[in-house]
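Participant: Reproduced below are the annotations present in Swiss-Prot:
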type    : residues                                               : note
BINDING : Gly37, Pro38, Ser39, Gly40, Cys41, Gly42, Lys43, Ser44 : ATP binding site
DOMAIN  : 4-235                                                  : domain 'ABC transporter'
Amino acid sequence: MACLKLQAVTKSYDGKTQIIQPIDLDVADGEFVVMVGPSGCGKSTLLRMVAGLERTTSGDIYIDNQRVTDLEPKDRGIAMVFQNYALYPHMNVFDNMAYSLKIRGFGKTQIRERVEEAARILELMPLLQRKPRELSGGQRQRVAMGRAIVREPAVFLFDEPLSNLDAKLRVQMRLELQQLHQRLKTTSLYVTHDQVEAMTLAQRVIVMNKGIAEQIGAPSDIYRRPASLFVASFIGSPAMNLWAGRISDDGCRFDIGEDIALVLPEPKPQWRGKALTLGVRPEHIQLATRETGGIPLQISTLELLGADNLAHGKWGGQNVIARLSYEHCPAIGSTLWLHLPTSSWHLFDSQSGLRME
């Protein structure tokens, strides 16, 4: 096992536009870190630079306190698991897992010991003589992980390994990955566009946006205290409600359009007249009544999800989603009265997108 360190790493293809803005990252020995973000945010490019498949434009990469920035991938002590499995179709499972050890000159006994140990961990022992075409998608992905495990790397790199699996199998493989990490405790850097994978697998999450690490932190911290509008809108399903408005001239209210005025938890005279965006997660919106000061919402759509329901409407022309318990099924066109507890507010500067404290 080893630590992984990125020091002011950047990437530019034309010398003008930085695809990856300077990023610093310390992944502790045995830590599982997930990079998440939309397509084109730079997460896979950053992973490929750690692997040595892409050159850094500037900055340095260290694995186990050794500078590896200019080393070839084979010399970095890493093993990579890809989205498309990358198995040799003419080889059986054993030979696919053993191949990298054979070309590195390992003896037959050591190869068999390593392959069989990985196969036992991944429950592949009965499948060692099968060809990839005889395996399910989940079994193929386990073989790909087994091929990485036998290398006994300092760092595991995962590039969207579950993207090709169906929804049910993804859930199963997420659990298997968690159990695998708990057993091996190998330092891991994992890339995904799926926030559920990020939140369930990671000890720390890096939220990427346009080549910038918008926020790095524990999944619970990122969910509860998003550092920017982007993080607030990207993490969470359904997404956080975000309402543009402004602080009143006396610094005591947040006004959404002309009809909704929310009293701030405490006066903010320094924010007078400032354009802000208020965020509240759908599950934090509470049912209220007209008499208790609730805000009316006319229901335009209702999504019945089984365990709960999502009520949709608009305030001042801006979308509202409220998560209701399954027994609340308001009719389309009816009015709900809602309360936004100030303890669940997230305020952001509408111009910079940064969190306001």
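Yeah, the Cβs are placed from backbone N, Cα and C, and that goes for glycine too.
Because the structure is a prediction, the values reported are computed rather than measured.
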Participant: According to DSSP, does Ser44 (ATP binding site) sit in a helix, a strand, or coil?
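Facilitator: The three-state answer is helix.
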Participant: A 10 Å Cβ contact count, applied to the binding-site residues Ser39, Ser44: which residue has the minimum?
Facilitator: Ser39
Participant: Which residues does Cys41 (ATP binding site) neighbour through Cβ under 8 Å, counting only same-chain ones at least six apart?
Facilitator: Met208, Asn209, Lys210, Gly211
Participant: Would you count the other CB atoms within 10 A of the CB of Gly40 (ATP binding site), including those on all shown protein chains?
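Facilitator: Its Cβ has 13 other Cβ atoms within 10 Å.
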Participant: Can you tell which of Gly37, Gly42 has the least company, meaning the fewest other C-beta atoms within 10 angstroms of its C-beta, among these binding-site residues?
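Facilitator: Looking at the binding-site residues Gly37, Gly42, the Cβ with the fewest others within 10 Å is that of Gly42.
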Participant: Once Gly37, Pro38, Ser39, Gly40, Cys41, Gly42, Lys43, Ser44 are set aside, which residues in the chain still have Cβ within 8 Å of the Cβ centroid of the ATP site?
Facilitator: His193, Met208, Asn209
Participant: For Lys43 (ATP binding site), what residues in its own chain, 6 or more apart in sequence, show a Cβ-Cβ distance under 8 Å?
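Facilitator: Sequence-distant Cβ neighbours: Met35, Val36, Gly37, Val191, His193, Ile206, Met208.
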